[in-house]
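Presented below is the structure to which this report refers.
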């Protein structure tokens with residue numbers, strides 16, 4: 001008979017994230033004395049349909065960003081509703097909190113409160129059962145290490161002083177033989193890029209996610225600079241590394257309204273069809289394998305056209321489009337919008353709902369990418385999640401800043417634990433034609 005891991009108490013506290021803003025940390029205590037801890041991350045560019053992060057809005061504390069209400073909800077309502085529940089049944093744990101919240105977007109108790117507790121309960125259960133978190137969440141089938149999607153140049157709203165409209169330019173080490181080696185490759189390219197930027201007299205200070213934010217003039221210049229860094233580090237673009245981009249184009253609002261896009265920095269205006277052709281030309285010119293949020297989160301018709309145009313050879317990732325939400329993902333699958341989903345725990349607000357979103361994506365042939373937020377903590381749950389459900393890709397910043405590197409270091413440990421059964425998929429992590 002399986003052990004019943006009774007929850008005895010839950011406590012919350014206000015801690016700081018990597019941007020110096022408050023966030024929620026929770027601890028779940030089991031009757032056997034085990035403790036699990038979890039923390040909620042926070043995003044800078046947030047999708048309109050994300051679960052609600054509860055903030056105090058008291059301007060006298062942390063500029064209104066305090067989370068004492070969310071913490072109080074953990075110490076009272078959540079503590080009461082989880083008393084006596086089995087922590088190993090993550091669906092029951094999350095269902096109890098969602099029922100106590102009573103809203104669709106978790107705005108009553110706060111998605112940040114619910115998520116921190118959801119992670120803490122899963123961790124407590126895995127510790128009590130003496131198994132790694134990835135095994136607890138995914139069973140014995142989780143053995144694939146993810147290919148990193150490393151953000152090394154920032155643009156858009158992550159780098160307001162540059163001329164780059166695309167929010168993130170990333171490298172993906174598709175030709176590496178193992179996770180340990182892929183991490184080395186990426187670090188070497190990162191340092192080669194730093195050297196190139198220094199030679200040009202450009203800034204090498206890092207942004208929220210560890211990437212550089214140099215004053216480059218255009219998106220194409222950013223791509224070409226990255227390819228130069230790949231070669232300088234001794235690798236071959238296309239074979240060893242592919243490029244991924246996060247356009248975050250829901251931020252590109254035009255006065256002309258829906259179906260139109262205006263690049264805030266370049267000033268160029270596009271219709272959805274013109275923007276699709278812009279992406280197609282970039283993909284023909286450069287070894288781009290993935291584009292995230294290439295169109296607005298409500299432009300479903302445009303997304304279908306984009307997928308028809310590029311979906312057979314480029315990974316088209318919905319972040320703001322799907323917000324880790326099974327209802328929106330289901331609509332996308334039905335329409336043929338995109339072919340991949342970015343998985344962010346705090347967009348939906350619980351571990352069990354995140355697992356369901358990944359399972360739904362995989363069932364429909366979509367790839368899933370385990371992702372961080374720009375405001376992160378030392379919590380490494382997304383690393384375990386990537387292996388648990390074989391997402392095969394992870395997006396968690398540059399090989400710089402300890403809250404980003406913590407996830408990569410956890411994946412190194414997992415690869416070591418898995419030993420001979422560990423698989424690094426490389427180019428096979430994608431569901432597109434890679435000829």
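Placement of Cβ uses the backbone N, Cα and C atoms for every residue, glycine included.
The record from Swiss-Prot ties 246, 319 to Mg(2+), and of the options 220, 221, 269, 292 it ties 292 to that site too.
Among the recorded positions 209, 246, 344, the ones whose Cα is located within 10 Å of the Cα of residue 167 ((2R)-2-phosphoglycerate binding site) are 246. Of the recorded residues, residue 209 (active site, proton donor) and residue 374 ((2R)-2-phosphoglycerate binding site) place their C-alpha atoms 6 Å from one another. The number of other CB atoms found within 10 A of the CB of residue 167 ((2R)-2-phosphoglycerate binding site), across every protein chain shown, is 24. Neighbours of residue 292 (Mg(2+) binding site), defined as other CB atoms within 10 A of its CB across all chains, total 28. If you draw a 10 Å sphere around the CB of residue 319 (Mg(2+) binding site), it holds 27 other CB atoms from the protein chains shown.
On the backbone, the CA of residue 292 (Mg(2+) binding site) and the CA of residue 395 ((2R)-2-phosphoglycerate binding site) stand 11 Å apart.
Candidates 246, 319, 344 (recorded positions) were compared with residue 374 ((2R)-2-phosphoglycerate binding site); none lies inside 10 Å Cα-Cα.
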